[in-house]
Amino acid sequence: MNKEKRIEILTRLRDNNPQPTTELLFDSPFELLISVLLSAQATDVSVNKATRPLYAVANTPQAILDLGVDGVKSYIKTIGLFNTKAENVIKTCRMLVELHNSEVPEDRAALEALPGVGRKTANVVLNTAFGWPTIAVDTHIFRVCNRTKFAPGKNVDEVEQKLLRVVPAEFKVDCHHWFILHGRYTCIARKPRCGSCIIEDLCEFSEKVYPED
Ligand code: SF4
């Protein structure tokens, strides 16, 4: 895909949604960190359902630490992999209290050192809580970038590196959210909605799906 098409795609996505953000509900970098950690292989809706009551009683590292693993589990048991996630939440809170003065560090290495926090979660937190021009690549972004040929790659790391190279600076901060939302609601996995896609004429996918198909 050439540069002009990429810029046109980003411009249309921006015109359609000038201030995109995550669908996870959060009121602080700490809440965002915990919600992203919980969202692995779970929908944002299911995470929000669990975290609203949790954050109402505990929304600081120390308060969640005081709940203990079983206390956390009681709030998140509707989310997949909740046993492991509860352990990681507690370990992460302990590290935040002991090493980071109960603050979420604005530092990639420090974030990735937290249990349950990988490159994708660190990218989301740096981007969404702190405004860094990072581009976290999840399953939706991976699919959209490969189908459209915007930034093809064999794995999420390749796609991320390509995006960082080809997305102009003015679009970098919001690119992650535009592509996630596009993948979640239009370029969906099983049957993309090409007939109502605002970048259909620019997309280079060879197997587009239209309503009559
Ligand atoms: S035209 Fe279809 S395949 Fe291409 S981005 Fe739109 S929904 Fe996805």
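Including glycine, each Cβ sits where the backbone N, Cα and C put it.
What TrEMBL says about this one:
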DOMAIN    38-185  domain 'HhH-GPD'
BINDING   CYS187, CYS194, CYS197, CYS203  [4Fe-4S] cluster binding site
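Shown on the structure are the features that TrEMBL records.
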residue : record                        : DSSP class
CYS187  : [4Fe-4S] cluster binding site : coil
CYS194  : [4Fe-4S] cluster binding site : helix
CYS203  : [4Fe-4S] cluster binding site : coil
Not counting CYS187, CYS194, CYS197, CYS203, residues with a CB within 8 A of the CB centroid of the [4Fe-4S] cluster site are ARG147, THR148, THR186, PRO192, ARG193, ILE199, GLU200, PHE205, LYS208
So what sits near CYS203 ([4Fe-4S] cluster binding site) in its own chain, CB-to-CB under 8 Å and at least six residues off in sequence? ILE9, ARG147, THR148, LYS149, CYS194, CYS197
Which site among CYS187, CYS194, CYS197 has the most other CB atoms no more than 10 Å from its CB, taking these as binding-site residues? CYS187
